[in-house]
Amino acid sequence: MNPRSVLTWAGVGAFVGFVVAVGMYSPTNNENFAYLIYVGMIVGALLGVRYPVNTRASAYAFPLGFAATTSLAGLWMVGDLSSSEVYAFLAVVVAMMMLVGTSGFLDMFLVPLTYFGGFTVAMLTFRGYPPLQASEGAVVSLFTIGVMGAILTFFAVFGRWAFTVARNIPRR
């Protein structure tokens, strides 16, 4: 069993569960479809055991998305945060993804999906928690670190890949 494959598939499964839950929420107005995120994560983890894939960055992006969202939510439970502190979280996420690097093109394009999957699992964990729901800044900053973090993680691993390729080009 390859743990990187399990983490990658779990993140992709959580993302697919989120997409299906959003698609099903509009016509039915049933909030229980949100738990499809957990179902997708579990099915994805099982697929990761059955169909291993060689990834590096996307395997780290799933727990990173979960950890960044959870730690930011924990800080919002203690007190208010400024926007610069939220962007500092994003800077740490980008720096960590640049340090990890990718194992290939598939890995590079799975990074935003798995990061967002980790974000959705963390947001579902704190669903309906009154201190977070009462503060408008908390919800906005959590969505900022989720959506913007997914976009920036792609550019972080793409930048690392581009610098690696440029370094290997012979000088004339």
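Backbone N, Cα and C define each Cβ position, glycine as well.
What TrEMBL says about this one:
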{"type": "TRANSMEM", "residues": "6-26", "note": "transmembrane segment"}
{"type": "TRANSMEM", "residues": "33-53", "note": "transmembrane segment"}
{"type": "TRANSMEM", "residues": "59-79", "note": "transmembrane segment"}
{"type": "TRANSMEM", "residues": "86-103", "note": "transmembrane segment"}
{"type": "TRANSMEM", "residues": "109-126", "note": "transmembrane segment"}
{"type": "TRANSMEM", "residues": "138-163", "note": "transmembrane segment"}
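138-163 is the stretch from 6-26, 33-53, 86-103, 138-163 with the greatest number of Cβ pairs below 8 Å to the transmembrane segment (59-79).
With a cut-off of 8 Å between Cβ atoms, the residues of this chain six or more beyond the transmembrane segment (138-163) that come close are 57, 61, 64-65, 68-69, 72-73, 76, 81, 83, 86, 89-90, 93-95, 97-98, 100-102, 107-109, 111-113, 115-116, 119-120, 123, 131-132. Residues 33-49, 51, 53, 55, 58-63, 65, 107, 110, 113-118, 120-121 of the same chain lie 6 or more positions beyond the ends of the transmembrane segment (6-26) yet place their CB under 8 Å from a CB of it. Long-range Cβ contacts of the transmembrane segment (86-103) within its own chain (Cβ-Cβ under 8 Å, at least 6 residues beyond either end) map to 54-57, 60-61, 64, 68, 71-72, 111, 115, 141, 144-145, 148-149, 152-153, 155-157, 159-161, 164.
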